[in-house]
Amino acid sequence: MSDASISGSEPELDPEDMEEEEEDDEDDDEEEEEEEDEEDNDGDDEDDKQDINEKSQNAALGEDSPEQGEEGWKRSTTSGQSGQESDEAKKKRLQKPANLRRNIRKLLREDQLESVTKTAQQEELERRKRLEQQRKDYPLPLTLPPVSLDFLQEEIELRAADVSQLVKSQEIICLDSSSGESDDEGKVKSHSIKDEIIELSSGEEDNLQISDNADSTNEVDGDITTENSGSHVNDALNQADHLGRVLVNINHPPNEKDIFLAPQLARAVKSHQIGGIRFLYDNLVESLERFSGSSGFGCILAHSMGLGKTLQVISFLDVLFQHTSAKTVLAIVPVNTLQNWLAEFNMWLPPPESLPKDHNQELVQPRAFKVHTMNDEHKTTAARAKVVNDWATDGGVLLMGYEMYRLLSLKKSFTAGRKKKSKKAAGPVIIDLDEEDRQQEMLKGIEKALSRPGPDVVICDEGHRIKNCHASTSQALKNIRSRRRVVLTGYPLQNNLIEYWCMVDFVRPDFLGTRQEFSNMFERPILNGQCVDSTPQDKRLMRYRSHVLHSLLEGFVQRRGHTVLKAQLPFKEEHVILVRLSKIQRDLYTEFMNRFRDAGNSGWLGLNPLKAFCVCCKIWNHPDVLYEALQKENLANEQDLDVEDLGTNNRCNAQSGKIKVEPNSLGALMGETAHTKQLQGIVLNPSHEKANQVVTYEWAKEILSDYIPGQLQNSPKMVLLFHLIEESMRMGDKILVFSQSLSTLSIMEEFLAKRKMPIPAGSDGQEGHTWIRNVNYYRLDGSTSASERERLINQFNDPSNEKVWLFLLSTRAGCLGVNLIGANRVVVFDASWNPCHDAQAVCRVYRYGQRKPCYIYRLVSDFTLEKKIYDRQITKQGMSDRVVDDLNPEVNFTRREVENLLHFVEEEPDASRQHLDSSSFHEAVLQKACLQYPHLITKEPFQHESLLLDRKEQKLTLAEKKAAKRGYEEEKRASVPYTRPSYTQYYPAPDHNLGNIPAFSQRHWRPLMKGDDRPVASVRPLQSTPIPMLPRHVSVNHPGSASASVHPYNFPVNYLQRAGVLVQKVVTTTDIVIPGMTTSTDVQARISAGESIHVIRGTKGTYIRTSDGRIFAIRASGKQKSGEVRRQATSGAQGSSAPYLSNGRHSTSSPSQQDSEDPPRPLSPDSPEILNELQKYADAAAARGSHTAPQLQNLGLHHQGINPAPKLQPRKRKDPQDQSSHWPSNKRNPYSQLSYPNTGGFGVTPSTMNHNLVRSSNPVFMGPGGGSSHFQLPSLLSDPQTGLPLVQDSLLTHSSGTSSAPSVPPHYLLPRGFPLPFSQSLLPQTRMFAPYPSQILNRGLPTNNPASTFPGYLSSHSNYQASPGTSSRPLPSGETELGSCEEDGRDDDVVEVTGE
């Protein structure tokens, strides 16, 4: 029990809650980590951001479509990179709504998994093979079980690797980790029975697989019991022999003797308990030889509550101590069940001194080991050290609570001892250093005995307590060196799959991989398919992964459900009654929700719905609870619920500074000072309240100003509760009432004291006296001592006690280790956040020993947060059924309904319109309630289990189960990891002295390379593009293959628009050639005329998507720095300036300063300028038939309004202040040397481009920055051709730019061989002016006029003659260095277009 928590609790807080919390004040940080981990346990990073094409691609399920799966693996990054996410990605992940689906990422390849994971799975595989081999080599004696020989022979021959049921209805597929497909390989050993085949794979590892013939692949194995899974669950074989003996080590080697249970145990155990004992033996012992020579394995005994797990463990321990070398066993149990465990040991295995000397050994066999107990009676360190030392020396079983073990085993507890004595003293404090040293030595001795080396076997009762791997209790348990660990739990999966992983990771460390690997492979696929709004593929993947996880754990998790009880106990009915709020409750709830709505999601309510739940509980249980809290002026966060999931610092604290230590608490053990300081800070420090967003009950004062307490009708829940109590008593049935709120239990007692008891059935008593505590009813909560608890339970269960009819219990204190079969009716007054608690409360009566039909009533306030929490319970229970029990419960709630817990409905249906059909209820008490109080119930009561019906039609067929496991294996292997590209070859080596490079600039420097070592930059990861695409790999030698068809995609325009992305569909009227990249293997990336393209503008940039699925991304480099020189061509008349350069034509240029305040304005994709421009191309194409040869004089660059064409430059480099100043005077003009880097290229003048298609205002080039733009081509899609439309017609009129001043391009835009950012050779020979390939001119250029507008370097392939000024001489090898200098020393996968 968490003593520090209890010590500072108000009387309303149930100490049992803290008993379950078990964390000291030093663990607050760990609880914060737990809360953060629960918010982000999916293991993803950048992929948490919404993928806009997610639903259309449906996560590229590898097992559904291998082709899509391979593509998905290429698009996904590896799990190993998840830790390297940026802060921006983290912020965006946190902003994502909780109810949105998550992207499911693929796991690392299997060879990249942690070695410990592969080792753990391999060891389990080998263990199951050994057991199977033992069954084959040493079959069961035919005389052992009382079953037919035919049935037995079938089981002996066909039982494979701890099968769950008869082989005729069960298949086993052990996961294959070999590199190839092992389904079609391997030796086949066939058995003719039931047409089943047992295959032994011959891959890298031998794996046992069972397959059916083709006729049975689509059949569902519906004969098996779905709630039973694991080994030894065939109760037909779990029987005693003809002599009444129970054999434990079945199929044992001949050199080992038969091991039987003690005679008194053999007479008591049921068939399912025999299976559990054998299951424990197979996992922990396996064989006597292996027990002494190996470290062993752990397992989980996941039997539902009431199936006798304690008896199974006691029986197994008796065998363990008698027949193995085991000496010590540590049993860690909830502190309130310590006495129950000791009583069970004494009952089933009495100590020798308790038996008479002449007792018959064949009837009762005493235990041969001691049972040591460490409880709250052992206060001092010396007393505890004595118990531990006796246990370590004499051997036996040591029983202790979780909190005690944590305190004694963690080393940090040793140094905290002196801090606890920091209270003020009246005089000088004398410290006995010798005594302190002795204390420390004793603590170290205890820790060594408990953990190093620790016991031979560790048993954790209620093992679902190991649900947070960061909590100190879990860490302390994992420090135990023993690998023989047993977890007992009736409810293995409570809240989420990560908690299940924590429990499995305790018994089998690293078996399921790391937390992130488990999240990616199992948790998120299962969660994504849980709700009604999940896609069909999500649901299919959910069923697949649930089955794979269920099968993975089948060898060491034995699950037995309530179906075992149903065959041996009377029937049980659970009814849910949805209750209406009274007027005062509705007013209070409305006001509270309005405060929440005004505060927004950033308030404390939105951040932690459980805090709101604590306040709301006071409203819907009864307004008197809230009224009393208001009178005491308690803070809103001082709830009185025993809720363990409240996260950080949500426990309620006492208003006063007094510390209340319960008799059964561990308050003396734990430091109270820190908690007291925290308590005082809450009370006395207003700023602390504000910082923690603490809200008082001020909002309720006005509504409750005239409130009259003590009226039962103010809460319809309470009215129905007393109806159920009194009617049950009249029928002669005892009843239990569970509530989380201790204040609510107190209010119930106040109303009981005012009401008269009804006359029980068959009683001659008279009605008249009121209820009296400890006479007519009992109350049990966390403050009840262990001895008092045992006395109350025994008296209540006594059939002869006809005075006590009611038992009030707090949900957390009364749901564990309590047997209350004296009652057969239960009322769950309020829904718990954790469905486990309510289920355990129900099972207090529905267990062995119950002789009457059981009726359960769950009261839930409709149209409130409580209803949403109940809905969440159903989802959690459904997930448990899928994973643990392999059931297929029907999904009833959408994810939005589940996650949006603070759902507020202002108006509820009119009570007068509600009609309840009471005839549909066979239960008399409920039927009478519907007749008498129809106005208090919103809907007809329904059965709780009806929401979790097993959908038989959704069960996986045998073929689907194989496909699920095969897909799981393929997915582990096939993901392709992304490796970050290295750009080291683009930068100077460390040994280069930068001062020795003339006029040093990275753009003037190029690395020395061999002839074939061209700089090749890696492609950006495909995830940078919002829409996934399929890369096309086209050979350089086959340019025509660029037009090859690719896999078509359905373009999700509606999802893009819904996400706020602007999508514009444009039909091109002319060919558009996309500039290429240095790493491109495409020789032609072209958008043909008449093709429909989508221009997509999002927050991250602008994209073009072609009809064949290709994506071209355009990124803006941002605004230019203020210090940069921006040039603008001067305005003037035609030919006013002298020619500067010649590349076959004349142009005018005179650089001048451009107004820095006038950047090019961006245009939207549907702007009039763009649409007009496209229309001009359409008009030109229509008139091309009559005008075949555009004239040269119409194509000068001195037209009015032409803006300077863009300049290509590296993204990460600044513009030079003055290029001419860097050229040595003795060199010739550098622009005459410009060419393609490395080997040559095309010289494309800006006259071949229309400026509106080049400048940043074009939607193709537009980015969010609105400034200069650049291409960012994220895949091997580009073509090394340059420019946009190359076809110029005289019919095209030139649009004026945004600048009003007429201008001409500056001189540096008109060189021969205009440099473009490509460092690879496009042609077999090196040329200054290479001819265009003929494929690019396939649109029919004019051929009859030599005076073409196109430069002469097109002549060799287009029938044009070169202009007189065109030079086509090849450059000497040394003349390319200046021409390529501007393109070196940078990231070649980014091309920036900057307007000068």
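Every residue gets a Cβ built from N, Cα and C, even glycine.
Within the set 461-464, 917-920, 1117-1120, 1157-1160, the record from Swiss-Prot flags 461-464 under the feature motif 'DEAH box'. According to Swiss-Prot, the feature motif 'LXXLL motif 1' maps to residues 549-553, out of the candidate ranges 484-488, 549-553, 694-698, 859-863. Apart from His303, Ser304, Met305, Gly306, Leu307, Gly308, Lys309, Thr310, the ATP site neighbourhood in this chain, defined by C-beta within 8 angstroms of the site C-beta centre, holds Gly490, Arg560, Arg847.
Broken down by DSSP into helix, strand and coil, the motif 'LXXLL motif 1' (549-553) contains 4 helix, 0 strand, 1 coil. The Cβ of Lys309 (ATP binding site) has 23 neighbouring Cβ atoms from other residues within 10 Å, across all protein chains displayed.
In three-state terms derived from DSSP, Gly308 (ATP binding site) belongs to neither a helical nor a strand segment and is classed as coil. Cβ packing within 10 Å was compared across the binding-site residues Gly306, Gly308, and the lowest neighbour count falls to Gly308.
For Thr310 (ATP binding site), the same-chain residues lying six or more positions away in sequence with a CB closer than 8 A to its CB are Asn340, Trp341, Glu344, Asp461.
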